[in-house]
Amino acid sequence: MQTHSPAGSAPGLSWARVCKECGQQHDGLESHLYEYQDDVDDELVCHICLQPLIRPMDTPCGHTYCFHCLSNFLKEQDFCPVDRQRLQLHQCRPSSLLVRNLLDKLTVMCPHNTECQQQMQRCELQPHLHNRCPVFRRLREEAEKRKRPSWNELKGRKSDGESSGDAKHSASLSRNPTRDQPEPGLINPAYEESEDDNTPLRSSLVAEANVVELFREEPEEELGLRIVGGKDTPLGNIVIQEIVRDSLAARDGRLAPGDHILEVNDISLASVPHARAMAVLRLPSLLKLTVMQEKGFKTREPRSDHHPSSSTASQPSHSPHGNTTSNHNPGTVLQVTLMKSQRSEPLGIKLIRKSDESGVFILDLLSGGLAAKDGKLRNNDKVLAINGHDLRHGTPESAAQIIQGSEVRVNFVVMRPAETQEEGGSSRGRRPEPQYFRRRSTYMKDPPGGFSSQEKTVSLKKEPRLSLGITIAGGRDCRSRLPVYITSVQPVGCLHRDGTIKRGDVLLSINGVDLTQLTYSEAVSVLKAQTAQSQVVLRVIQTLSDDSEEDIESASKDDLDPLEELRDDTLNWTPLWTRWLGLPSHMHWCRDIVLQKTNNESWGFSIVGGYEESHGQQPFFIKTIVPGTPAHFDGRLKCGDEIVAVNGATTVGMNNSSLIPMLKLQKNKVTLTVVSWPGSLV
């Protein structure tokens, strides 16, 4: 069987309407379209659409269909299309790896074959489109050059009168009531321009609403997103804090830290608590996310005349972010352009990833290679972008694809670690100074409204060999410097029979020995030694919230099968982000983040919180980090981080009108003391 889809590069083709995966124009709910060049075995053809399978799903009765085809069919029917046996989608499973590999290897032609006659395996089409196809590149460049609406225009836009390409996005925004009016307590030092701004090309922010589909091949597969926010928190919106490296979301590449998730499978997340949003994001199989994505500041031409000014995300400054070699300086952002004599010429760069930091790093410059001869790039430079592609959370493989698909000019944006002199005078890049590491916080404050904590004490008499029956995680040596907390209470231990200690409780002490500042291994040693006693007194702290996550999670389990419920009780359990918000401040660890700049550009973040008459005193949280700004390139500040001090002055008691001037007065350098909790993993 040989199949052909409609040829690409048709008149009227636009970046907004073209599919970013297959390159064709089709509705978001329809399957991708490909132009197959060879006969396809009937065993690899879907019995619904009669095309080669895409995301193949096997039914219990032995038939295979495209995921989209089958899910759409079962919305109206409850049986298999071939033998009409009773069938529900959750009974189906992804096809074997062998079948998926056979489908990936089918030969297809670039859909824009009027100008690009390249043939490749189906799995190679998407990288070809994004890195090598001239038509796809031209569509993207034309879209970037068009004038895009400002943040405020986008918030208030209605779907009436929209072009067909943007109607879907505008409709989704108009259904979100939180974006139709200003949010109380929202401070935007990142967005404001002073009258004496020395960067005249900067203008208002650009943000876009996009739809991203993620498909779990296994129901229990993690998306690889860390989530913060929710209507029960000062952030309000659901925000991506971090993309986990090598995860499903990281491989997909379209989501980024700071994206606001507006909808999931047409379920609005505009006014739901954090735990409810997590339950929705954990739905199996296909997830269709509508996200608001910051694109940075748009630029304006000095003379606009009668033509709309072009707009692009702001590029990093050509000047370093500060010329000092202060211990606080995270590094210098540089732009380097390499010119190849011909497209196929190698650059002579070895790229790697690091175990302790996300992103792509230069391991070595090959002697005699183009990069080594140029002399501007160095070992240990962190690659932030190549030819405009954001690689802060990228992989060496994706970077190599971009380089291979580039023309003769390759533009690098790199961060060079601040040089620190070590023994022998050698410089080996940034070594985190003591201020960089998290330390015990001395800033006393109340938790956000709706969050609190209570201490619990359990006194037990037990046999010396009898286990407490708990498992723990955390420790001040873990990445987030968390206190030690309980991940499970086993039914065989004495604490389970008592019933006071719960999963998620934070350990304070055992038999008077303080556990709050210990590493994981230290805590394990202390617990083993003390549980050998016949008398055990255990003190823990439990965080509370008005929207109890246990109630929400248990309610959401009504829609899950028993196997899913059992999976939630495994030792891989981690607390939701909201669990940490109720901890008293003496349990917090903080760190200093020093941002530097050389002109009146924005620091690059927005804040929500402060004193309000309706809510009282609320902590200040980072809500948005803007691409192309000092906060963005520094990379340490995250959405959901709580600012407890600015230049050593506590933010407790401050309101908007007192914090804004403090941030604006810092012309070249600002020190933010932040408390950062890991986002909820989904």
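Just so it is clear, glycine is given a Cβ too, placed from its N, Cα and C backbone atoms.
Unlike curated entries, TrEMBL annotations are predicted automatically.
Feature annotation from TrEMBL assigns compositional bias 'Basic and acidic residues' to 154-169 (among others).
Residues or ranges marked as compositional bias 'Basic and acidic residues' by TrEMBL: 297-308 (among others).
As annotated by TrEMBL, compositional bias 'Low complexity' applies to 309-321.
For 322-331, the entry in TrEMBL reads compositional bias 'Polar residues'.
Annotated domain 'RING-type' per TrEMBL: 46-84, in sequence order. Same-chain neighbours of the domain 'RING-type' (46-84): 3, 5, 29-32, 34, 36, 40, 91-96, 99-100, 103, 106, 215, 285-286, counting only residues six or more beyond its ends whose CB sits under 8 Å from a CB of the stretch.
Per-residue confidence over the domain 'PDZ' (211-282) averages out at a pLDDT of 89. Residues annotated as domain 'PDZ' in TrEMBL: 211-282 (among others).
Per TrEMBL, the feature domain 'PDZ' maps to 335-418 (among others).
Under the heading domain 'PDZ', TrEMBL lists 457-542 (among others).
Annotated domain 'PDZ' per TrEMBL: 592-678 (among others), in sequence order.
The annotation region 'Disordered' is assigned in TrEMBL to 146-200 (among others).
The feature region 'Disordered' is assigned by TrEMBL to 297-331 (among others).
Annotation source TrEMBL lists region 'Disordered' at 418-455 (among others).
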Please determine whether the domain 'PDZ' (457-542) and the domain 'PDZ' (592-678) are in contact (criterion: at least three Cβ-Cβ distances under 8 Å, sequence separation 6 or more). yes
Looking only at the domain 'PDZ' (335-418), what are its DSSP counts of helix, strand and coil residues? 14 helix, 30 strand, 40 coil
